[in-house]
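Working notes, beginning with the structure itself.
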């Protein structure tokens, strides 16, 4: 062995032995004599003629072969091997020494060959590989090749360097004879580690320390010598994995082990341990696969986890894969396919074979970086990369860091799942926090492995995911090309849909958890956003990671720039540096991808690294029972005020994003699909949402297409928005400057709305020359006010004040459509004091601004379009009242108008037109009533009753008189519009006028009934109200609808020139009644006579009351 210069030298020297074997090749016949001479060195190469001599058991001694007259000595002629040869090798191989060697040394068991024959083979190969004269044969056989390879042509002859060079460049040898010569020779050397030049010298101590077997001849048979290298390889792997008790191997031996593995990478026959371990498996799985160029290795790797694969072969394959993971050059096919690409993109340092650059992970990261940057990497190389990325994902044990740092997690949660990537996915599940805590080093090792394997670029790399999701891909994603990165995106879009299966859902979320923590692992996002990320977020190259940057920080930076600017009220980010101007926008392509990712990640809080990191405590405290999809974020939003500061900030940021682009809420979008398609498809089709879609959903929340899930989701978002005005994107954008100027330090949306609304109302009432609230803000403010009026829960102060009343009086009334508010209005008399005051205040606001009366605007929507399209918003109710009795009026709208009239007549403060017209008359005539009034409580029509009496006495100002006349006319037709009559005459009406009161259409019949039955009324208060009605009708015939209807023709004929009001037309009719020349209509005459009798009786009653 001391004569050997390099490992490759020995390999090629041994190959010279092939010359006599190749005697059938005419071109080599010339070298036969030389070969024979080399094979029979001085001192003899074989045993004495005629009898087999004892073979020298000293591996350093020359074999004593007999001298023969023949120029070519043949192994087949040696008697010690004749029996084995006859039994094991075909006769046509006997004339070829190399064929005999191959046949005998490739047998499965050592016992199949006699010991003497074994040692004869050993000594023969030993002599071949230690004689430097073989170099001259190599020069003759490979003359053309040497001249073509500059490095080999420059080698000095006589030192064995030439043959070493040829072995190093054997992949470049094109000459058939030379190639065959080198290949055959190599197989001989690798049959025994003792024949590999320098290996024994470098690894002697390690072999002894590790008890890998003796290197003394005879103590270990030739066929088992491959196990020595296998033992060393396993020890090298154990050391890399830092397994307990693993001794350190000397560096020079490590290099020798890896060099042997590299030199045996093209032909699996050269890895003797693997060859013998996998011979049956090769026949079973790779029978038709030609040896060479690493093809058999690759084939066996692909079948490694098949049930029929033997455990011994699987173990040997795993060891070789682990060596490849340490040095990519141990893979012949990968090295060959990627050689030029590695050089082009500076992915390797030739002078450092065991350096970081030699690791498979570095190679993959370097070349993947080139691919992701849009550089051209050959298809052959990408195919090899794909195979090895798949290999890493399939078997976690190929990653030393996983084995080292995740040992406790594997033992505690994932034992027995090593096949087909199951252990890795189990570890991912632990990493997600679904199965307990995970050590940070294990988490980091998993993240690193995911980056190395890069399954985001092609889902097929992840075998566990591929198998689990095959059916989903075939149905939901069949329109996407197989292997396209968009497959993963498609699967995410179908998460929690009926097309998704449970196993796929789990595998997908486990992988996405890690992809979400490194923005580069989504290849489409990286391709579209790498320029923006470098410019705005200080990112490094694809395969470089900053330890100072938290997981998910780059993506947070991207969506920060995608959605918000300072002008829009963006929250400050505490995650990244503010060195760059925060207003710099993203490119459109990048923004679209950021939106896509956000839409997908909103399905699971664990896909939001920043959220999970900052809110871990709050999730456990408030949301431990919220396990359904999307519930955890909703829960955090519901408890926003209770969250710790860091968590509150990140939840607030996400909620702000949702307000701008509600499509982030994928589950909500699916639930709302029918409504969106029917009413909101135009805004939904916009790639960049600005809050329009949610506004549309709110406006159509009560359409027939709306389902319960969508309605609940939309309402929930509305409820969240009231916590902070910045959660309403359009409102925030339109009113930010107004809020800062007019409502500083106010955060809650409802308070901001009240503040701005009060400012607008005050400016309007005071006829300010210039409104303090901007036009764009006033417009959006109106939208917010209307939305808040739809559901009492959107006005927290009102809701809290009336919770008790709602549970008592409106427990069966659904929220939404202002139904609960309407219920409370209808039960005003039974409300608690606090709730009553709030409802009164609400009605006061609605009276001034009817557009905030949600029920009115909803129920009378079409009537407003028909009758009041030209009316200002504040005059809508007034317009509806004027058209109430039109034949075209919708009955439901008419009924609601009557309700609003009843409300207005209960207190002058709820009738802004009356309040303005009578602002001087009220304090003048009704001060005693005002002095006894309580704030925010109805006066039950007392002020209006007071004004009615003054109307009868003709003492009101013209404007006030006009308004009171209208009220009198309206209440004369419907007794319910007179609060005092309602209060005092309810029992009398029930007793005396039940049929009239039950009539669907009120035309004054109840009032007429009370007048006719005046003498039967027993309650003085009611009688007084009826007397007041009589007095009012005497002052104006229009407030007596029965009389006015009966005398309509007579008024037209006899009193057409008389102006209405102040009793003038009534006086005209009375004169006509007394004038015998005038002939009145019989019904009019009868009604007039009845009124005279009533007035007379009323006068007597008033007189008697006055005397008392």
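Glycine too: its Cβ is placed from the backbone N, Cα and C atoms.
Per TrEMBL, signal peptide is recorded for 1-23.
Residues or ranges marked as region 'Disordered' by TrEMBL: 39-68.
Summed and averaged per residue, pLDDT over the repeat 'Cys-rich GLG1' (248-308) gives 88. Residues annotated as repeat 'Cys-rich GLG1' in TrEMBL: 248-308 (among others).
Per TrEMBL, the feature repeat 'Cys-rich GLG1' maps to 376-435 (among others).
The repeat 'Cys-rich GLG1' annotation in TrEMBL covers 437-499 (among others).
The repeat 'Cys-rich GLG1' feature in TrEMBL is assigned to 585-644 (among others).
Summarising the annotation, TrEMBL assigns repeat 'Cys-rich GLG1' to 705-764 (among others). In terms of DSSP helix, strand and coil, the repeat 'Cys-rich GLG1' (705-764) has 47 helix, 0 strand, 13 coil.
Assigned with DSSP, the residues of the repeat 'Cys-rich GLG1' (772-829) fall into helix, strand and coil as follows: 42 helix, 0 strand, 16 coil. The repeat 'Cys-rich GLG1' feature in TrEMBL is assigned to 772-829 (among others).
What TrEMBL lists as repeat 'Cys-rich GLG1' is 830-888 (among others). With helix defined as DSSP H, G or I and strand as E or B, the repeat 'Cys-rich GLG1' (830-888) counts 43 helix, 0 strand, 16 coil.
What TrEMBL lists as repeat 'Cys-rich GLG1' is 955-1018 (among others).
Sorting the repeat 'Cys-rich GLG1' (437-499) by DSSP state (H, G, I as helix; E, B as strand; all else coil) yields 39 helix, 0 strand, 24 coil.
The helix, strand and coil residue counts that DSSP assigns across the repeat 'Cys-rich GLG1' (376-435) are 46 helix, 0 strand, 14 coil. Residues in the repeat 'Cys-rich GLG1' (248-308) partition by DSSP class (helix H, G, I; strand E, B; coil) as 37 helix, 0 strand, 24 coil.
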